[in-house]
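These come from Swiss-Prot:
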TOPO_DOM  1-18  topological domain 'Cytoplasmic'
TOPO_DOM  40-81  topological domain 'Extracellular'
TOPO_DOM  103-111  topological domain 'Cytoplasmic'
TOPO_DOM  133-141  topological domain 'Extracellular'
TOPO_DOM  163-168  topological domain 'Cytoplasmic'
TOPO_DOM  190-203  topological domain 'Extracellular'
TOPO_DOM  225-296  topological domain 'Cytoplasmic'
TOPO_DOM  341-349  topological domain 'Cytoplasmic'
TOPO_DOM  371-383  topological domain 'Extracellular'
TOPO_DOM  405-426  topological domain 'Cytoplasmic'
TOPO_DOM  448-451  topological domain 'Extracellular'
TOPO_DOM  473-526  topological domain 'Cytoplasmic'
TRANSMEM  19-39  transmembrane segment
TRANSMEM  82-102  transmembrane segment
TRANSMEM  112-132  transmembrane segment
TRANSMEM  142-162  transmembrane segment
TRANSMEM  169-189  transmembrane segment
TRANSMEM  204-224  transmembrane segment
TRANSMEM  297-317  transmembrane segment
TRANSMEM  320-340  transmembrane segment
TRANSMEM  350-370  transmembrane segment
TRANSMEM  384-404  transmembrane segment
TRANSMEM  427-447  transmembrane segment
TRANSMEM  452-472  transmembrane segment
Amino acid sequence: MTGGGFATSANGVEFEAKITPIVIISCIMAATGGLMFGYDVGVSGGVTSMPDFLEKFFPVVYRKVVAGADKDSNYCKYDNQGLQLFTSSLYLAGLTATFFASYTTRTLGRRLTMLIAGVFFIIGVALNAGAQDLAMLIAGRILLGCGVGFANQAVPLFLSEIAPTRIRGGLNILFQLNVTIGILFANLVNYGTAKIKGGWGWRLSLGLAGIPALLLTVGALLVTETPNSLVERGRLDEGKAVLRRIRGTDNVEPEFADLLEASRLAKEVKHPFRNLLQRRNRPQLVIAVALQIFQQCTGINAIMFYAPVLFSTLGFGSDASLYSAVVTGAVNVLSTLVSIYSVDKVGRRVLLLEAGVQMFFSQVVIAIILGVKVTDTSTNLSKGFAILVVVMICTYVAAFAWSWGPLGWLIPSETFPLETRSAGQSVTVCVNLLFTFIIAQAFLSMLCHFKFGIFIFFSAWVLIMSVFVMFLLPETKNIPIEEMTERVWKKHWFWARFMDDHNDHEFVNGEKSNGKSNGFDPSTRL
């Protein structure tokens, strides 16, 4: 059933904007890119705690963990650069692929870029599931990383451009919801396959990633391209036809004219990456980069990558480690649903600030428990304290899932102006994957050297990012994208200085630009 409504443009003209089934279905299908990403995040920690997997690819770690060799420290038994590379190589490949994905997103469209991501995922899954040596295993992870780079570039843009303004935040968070569902699915699979003997358990875990890979590929074939992308590539008749379909009305002429004007302004920018560095675009760039760095420095991916390994380090048995990872994965999914409901009601800042307090408290409590109860050679954490650690980790994961998880992607996608949005999204994904790689590659070594202090380290970052949000992050709830300059940046106590009138008339490629697109942007109307 469609929902009716109107969206108001910057010049006061109202455009009819219905929430049509095709929009909802397209957003759901596109968001399956997050399902694949989430499965890759969740599966690595589970298989790296499986004895058969360690024995085949990482015999040194296997001897320390399973055979009982090297009793030096519980915190250090998984400290192995090769093991960390298995996890982190995906994100380094994704970082590289993002540069190519920016080009394909702009020239081939969002839909075809998602299809390319699906193909990379399928080939990578096949190599991982059939891996005979470490080189083949890493090659598969690299191809999966290429898929991540293409999917993370195209999907958030697709969702922002096709979603109606009043539910833009909720629909955009479908991507993050699918990430959390993918993590939970991977944890459940790992819990089941860990009981399979003969070396097939880890192969099944890695091979079942083919399910979300196929969903993304089929979804990319079924969804409609955004009108923004079609007009941008000169396919005007198709763009108008799609606009009618996703609107559920023939009354699209005024809106289509606005879309043409927005596309014209965007095409005048010949060097979008260079334009990102111009003074009027610095606030959006700083916010986007900072959010990606802070998102990773919460420590969430370290926990999601290595949850079973982490629980094993803390003295949990093998089954208990995998089961605890399933519990945290379920909390992750449910809490993301909270974000979908609340992000367009209470706003972005409230969610981020509340979560900062909750994450800081949880990590400090975990650090205290581990500092007192877990030594280098202790074999088991008592049941009461083990439950408390799991509860605190779940409290921490819940806070992240309704704040920094989805909003780290949503806010950059809605704050960049149209003429620099593709480049801005590319920078956003690059920074995110770079710091994801750093954390994934360093976490087990940091755990070995910092011990319980690793949680103090991440809690300090949570404090810093909360202060940043309090003073420097403006609220963007229910504000059309093309009005961000006037209603957000020019009214902010700090960022307004970058929006001075004399900067509004800088020349961009021979044309005057006021740093604000008055044309139509699909993400604010559909």
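Heads up, the Cβ atoms here are built off N, Cα and C, so glycines get one too.
Same-chain residues lying 6+ beyond the ends of the transmembrane segment (142-162) with a Cβ under 8 Å from its Cβ atoms: 23, 26-27, 30-31, 33-34, 36-37, 40, 89-98, 100-102, 104-105, 110-111, 113-114, 116-121, 123-125, 127-128, 168, 171-172, 174-175, 209, 213, 216, 223, 226, 228-229, 246, 409-410, 413-414, 421-422, 425-426, 429, 432-433, 481, 521-523, 526. With respect to Cβ pairs under 8 Å, the transmembrane segment (384-404) is most closely packed against 350-370, considering the stretches 19-39, 82-102, 169-189, 320-340, 350-370. Recorded stretches compared: 19-39, 320-340, 452-472; the one with the most Cβ pairs under 8 Å to the transmembrane segment (204-224) is 19-39.
When the stretches 112-132, 169-189, 320-340, 427-447, 452-472 are ranked by Cβ pairs under 8 Å to the transmembrane segment (19-39), first place goes to 169-189.
With respect to Cβ pairs under 8 Å, the transmembrane segment (82-102) is most closely packed against 427-447, considering the stretches 112-132, 169-189, 427-447. Among 112-132, 427-447, 452-472, 452-472 has the largest number of CB pairs under 8 A with the transmembrane segment (350-370). On the 0 to 100 pLDDT scale, the topological domain 'Extracellular' (40-81) averages 79 in this prediction. Counted with DSSP, the topological domain 'Cytoplasmic' (225-296) comes out as 57 helix, 0 strand, 15 coil. Residue counts of the topological domain 'Cytoplasmic' (341-349) by helix, strand and coil are 4 helix, 0 strand, 5 coil (DSSP-based).
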